[in-house]
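**Student:** My questions will all concern the structure given below.
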């Protein structure tokens, strides 16, 4: 192929990669679970065989596990950040191949960035593990105890700055106010982009450092998106269920987005407010899915362009099951997030292991076919204990819940295009006709 032809192909691929982001059509996919590191032959190699199915389902971004050496097998206790070959998921060459395969299908790769804390390779003169090795032959990321927050007294030498966020007891909390820490972490993030091919970030335990510090790393590395895990407890009643009013919870998430730069920033948050409310709502309390202003009750209702919605992830579900979605109602959860505003995230387990691949893909197809975006208009038509019905952009209607007699609230001119266990989706006649012809 000539030079001009190669340039043309590259430009087309770049347009494909950027299309979802520019238009708000992102559909995320978490490409691992808590047990993925155990995969025989390596997780990255196994995932090579899943790329076609993921891309065919309309996914725009795949979130991959932490890429570096880690004291814990899962990757969340990182040490030598440049040492990719030591990962339990596979080596650097295998990771590059996987990212290349994703890019070849127009799908971006999200790196799981764990920078709140870090594990040291060596002890200092006190016998404390606080001497860090970066994983290169030079001094990059080779830090000492003066890079550990001084209020992390178990590890620090007392000379650094105070922690800007929540404590992480299991490993040293890194001083993100330190100029060298900021500079070398930004260099590492840029290397993840330039050398490995990553496009975007998922910020692990983002409560551990201030949003102002997150802004430094987002602004300094220009990811296509940076979705943060800011997981706080929800206010609950005496029965253990979440209170109806979760405005304080979602306000905290909105505040994080504001402080990293708001609409101008690539920063966004996982919508833990929606997750918690939806968990409870599908148990016969679907009245929860509307706030007093008639909007969705999570971050989705206030700032949908910055709300990454999800049913479960490697922490809430998988084998950890810290906060699992009701297992017999998972597809109700997907019917909700895949038809609604916000940026939905599909979990690997539900797609590949639970037998929901075709149903989830059908819902994504409806989303794409009707041009539903992160900021689509939501009109809630019914919100009772056993039935929730909503219209999106005047093009799609969705019902979740056990009640079947909801025909009276379905607008004229809509026909059923997807249905399953206690959920159904309708499209306008024109969209349904297009589906039948295709």
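Sequential numbering from 1, following the chain as shown.
Glycine residues also receive a Cβ, built from the backbone N, Cα and C atoms like all the rest.
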**Student:** In Swiss-Prot, 167, 168, 171, 173 are given as binding Ca(2+) 3, so which of 152, 157, 179 is in that site too?
**Tutor:** 152
**Student:** Record says 116, 163, 166, 173 bind Ca(2+) 1. Source is Swiss-Prot. Which of 90, 139, 197, 208 does it list for that same site?
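**Tutor:** Looking through 90, 139, 197, 208, the residue Swiss-Prot assigns to the Ca(2+) 1 site is 208.
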**Student:** Whole-number answer please: how many Å between the C-alpha atoms of residue 138 (Ca(2+) 2 binding site) and residue 421 (substrate binding site)?
**Tutor:** 57
**Student:** Quick check: which same-chain residues outside 116, 163, 166, 173, 208 lie with their CB within 8 A of the centre of the Ca(2+) 1 site CB atoms?
**Tutor:** 117, 149, 164, 165, 167, 168, 174, 205, 207, 209
**Student:** Taking DSSP three-state, what's residue 133 (Ca(2+) 2 binding site) in: helix, strand or coil?
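**Tutor:** Note: residue 133 (Ca(2+) 2 binding site) is coil by DSSP, not helix or strand.
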**Student:** At the Cα level, what's the spacing in Å between residue 142 (Ca(2+) 2 binding site) and residue 69 (substrate binding site), rounded?
**Tutor:** 14
**Student:** Roughly how many angstrom lie between the C-alpha atoms of residue 167 (Ca(2+) 3 binding site) and residue 208 (Ca(2+) 1 binding site)?
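**Tutor:** Rounded to the nearest whole number, the Cα-Cα distance is 6 Å.
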